[in-house]
Every structure is written in C-alpha cells, then in structure tokens.
Amino acid sequence: MKLELLPSELTAAKPILKQINRAGFQAYFVGGCVRDIILGKPIHDVDIASSAYPEEIKKIFKKTVDTGIQHGTVMVLDHGEGYEITTFRTESTYTDFRRPDQVAFVRSLSEDLKRRDFTINAFALDEDGQVIDYFDGLTDLANRQIRAVGLAKERFTEDALRMMRALRFAAQLDFQIEDQTLAALVELGPNLAKIAVERIRVEFEKMLQGLAAGSALKILVEAGLLPYLPGETGLMTEADVLRVANQLERKQPQSEQVVWALYLGQQGFDGPTLQSQLRQWKLSKEVMQTVLAVGPLLANVNQIDRWAIYEHNAYVRTLLETLTIMGVDQSVTERIQKTYDSLPIYSMKDLALSGGDLIAAGLAQPGPDLGVVLKKMEQAVVLGQVDNTKEALTTLVEEQTYGNS
Ligand SMILES: Nc1ccn([C@@H]2O[C@H](COP(=O)(O)OP(=O)(O)OP(=O)(O)O)[C@@H](O)[C@H]2O)c(=O)n1
Ligand SMILES: [Mg+2]
C-alpha cells in the first residue's frame, strides 16, 4: 500500500527521514501515527524509528536532546518542532510482566516491529509513503480486529498493560478482539495486578472515552479482569460495572471528570469509601474533588434542588453530562440547566453587600457572627427571597438584627 497524501505533520517530518537515509541508515514513521493515517484519523504524535544508534543520530543532526537515551530515543529539533527518533530495538529482559528493564538495539526493522503489541500498531511508513506491513495489519484493519503480533501470550507476558491497550483500542476504534488474543487476555489477566496504577488508568480512561466503550467494558468484565484493576476488590460488583457499560456505549464522555463520575461517582458509595476508591486509582485532586461533589447528587437525583445546584455550580457541566449519559429523564437535566442559568449569584463574592460593607455600616462585627450574616444573605438571595441589591440586603440584615419583622 502506498499513501499518496500525507498529513502535514508527516510532510513536515519527511526531511528528517531523508537526512537519516542519506547518512546511510534506515528511518521510518512507526506506531500509532501510521495506523491513524491509514484510518484517516487525526494523529497525536509522530514516532520515528531508525537503524541508526543514538550516537549516530546525534552526529547527523545539529540540534538534539537526550530525552530517553537509555531506551534509544533522541529528540531532533527541526524548525521549532521536536521529533523523537528511537533506534530499532528488541526488548531483552522482562521482570514482573512490566516493561523491560533493558533494551537491545538492532539494525533490522522487522526485529523492531515484531516486538510491538498489535498488528495495527506494527506498520512502518517510509519516506516515499510506502506502508510496510509484515504482520497483515492491513487485513486486520479491514476486518476491524485487534490481533497481537505473533503469539499473544508472549506479547502480554512482555507487558501486561497491553491487555488494557487491547481493550482501549477495541473501544476507540470500535474493533473486535481476535479470538487468540482474547484467550490470552483471559488467561493472563491476573498479571494486570502487577502494573502501575497510573499506566492502567491512562488506558482505562481512553477506553471509557472510546466510541465502543460499553462493549469493551463488557469484555473486560467477561474476561474476569475486574478483580485486577485498581480500587478495592469486590466493592464494584460486575453488575455495577455492566450498568456503566450499558450507559456508556456510543456516548464518549468529554472529560475525565465525567468518566469517573460515571464509573465511581454514581455507585452510591459513602463519602469516605468513594474517596478511598478515587485515591486507589490515583486520580488528580481536581478529578477527586469533582467526583466527591457530584457523586452524592447522582445517587439521588431528587436531591438536586436549587441550593444544591448553587453549592455545586462549579461542577454543573460534569453533573449534566454525567446525568445525560446515565439516561436520566431530560426534564431533570433541563430543570438543572434552567435553575443554574437563573442563579442570581454563583458565590458569596457576588453578593451586592460584602462583609466589609456590613462592618462599615455597623451591621455586623468582625468574627464568626459576620459569617452567619453572610450565609443568611447568601441563602436568601439564592432562594430568591431577596434581590441582590445593597438596599434590599441592608433591609434584610437590619430586620434580622433588630428583629422588626
Ligand atoms: N505497551 C506497548 C506500548 C506501545 N507499543 C508500541 O509503541 C507504539 C506507540 O505507543 P503509544 O504512543 O503508547 O500508542 P499508539 O499506538 O501510538 O496510540 P496513541 O494514538 O494513543 O498514541 C505503539 O503503536 C506500539 O507499536 C507496544 O508495542 N507496547
Ligand atoms: Mg502514540
């Protein structure tokens, strides 16, 4: 297969391949970018593989940075762009089913490609746009399937994360997982327990944001992988996860917050349990905060009144998107949106009468009382009992202070 039209990212990087070729070495585009071009999808990163060793690459180019020299990767700087060039390699020593702790550089492209995870990720593309496909990846693309390069058991033993990657690509591309690859995944699933949480999380999030997330999540459950994911074993039942799977199919959550609100937030865990689950997945502070705020509302939609919407207004987008994916009645989300839009203030800072104003007017003393007065004003304004104007608020506080109602 020859690609006539390359996306601009690759056209811009072509001179790099040419320069390496002219110096007497081979160089190819490899990995996900070739797969995505063939599929006509936008590409994320341009990876280049070469027969040249890192020291040789550094002699060919003026500006380079050692970004991962021990793995054979050098970054070449060209017209303000950085291109990672990795020497062809095989991975020699594997301990603990994680990534290898040693790599061996080789001069042969096929040696490099055959240690890659899936046939659709094992293409190479030369400077003329010729696709090199040693493992029938083009057939797998046409048949829409994820198939390991060579023996799936070997690929998954080299790096157990690849099992999550299989599910992630199946979800993103809406592909099936080929039988032998799936069988190996079922057999070696327990090795996932040895993989760093952060690496699993990245693949899991991409999977749940994929088009066919629901099908992939079902396969994950059927393959018996659930106990080997981060989080406390047994807290999330298969039924809980399958419910999420049904909600998610073809929905593609737009943010990580929504992913986690759906996956963990809606399960009705109490606060400390939810927090502990979020921690075990090593989520960012931002995601944790959002899910902790939104979770209790998802578990009880009737509880989402005007005050709750005000208090959680920073999370309303996540709340609405999550509820929509959960399939709650449209009248509920419409009501929340309307209420949110109609809020007279979005925080205490928006009150027309500030703490400073209250003190200056002699209506409150600095200290805890001031907080109480501000809270009363906030509630009255949010619930529409008083206008958010200096005059109306002054009257409200005076009435309450002097008790003349
Ligand atoms: N555990 C892994 C990770 C990566 N790879 C190889 O390294 C390439 C680049 O890896 P990565 O960027 O993680 O994946 P992509 O396939 O490029 O997917 P994405 O588009 O999400 O970056 C993959 O295509 C694959 O050939 C692999 O064999 N095994
Ligand atoms: Mg990539």
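Even glycines carry a Cβ here, placed using N, Cα and C.
Among the candidates ARG22, ARG116, the residue that TrEMBL annotates alongside GLY32, ARG35, ASP159, ARG162, ARG165, ARG168 as binding CTP is ARG116.
Using a 10 Å radius centred on the Cβ of ARG165 (ATP binding site) and all shown protein chains, the other Cβ atoms total 21.
Within 10 Å of the C-beta of ARG116 (ATP binding site) we count 22 further C-beta atoms, all protein chains included. Across the range of the domain 'Poly A polymerase head' (27-147), the DSSP-based residue counts are 32 helix, 43 strand, 46 coil. Under the three-state DSSP scheme, ASP159 (ATP binding site) falls in the coil class.
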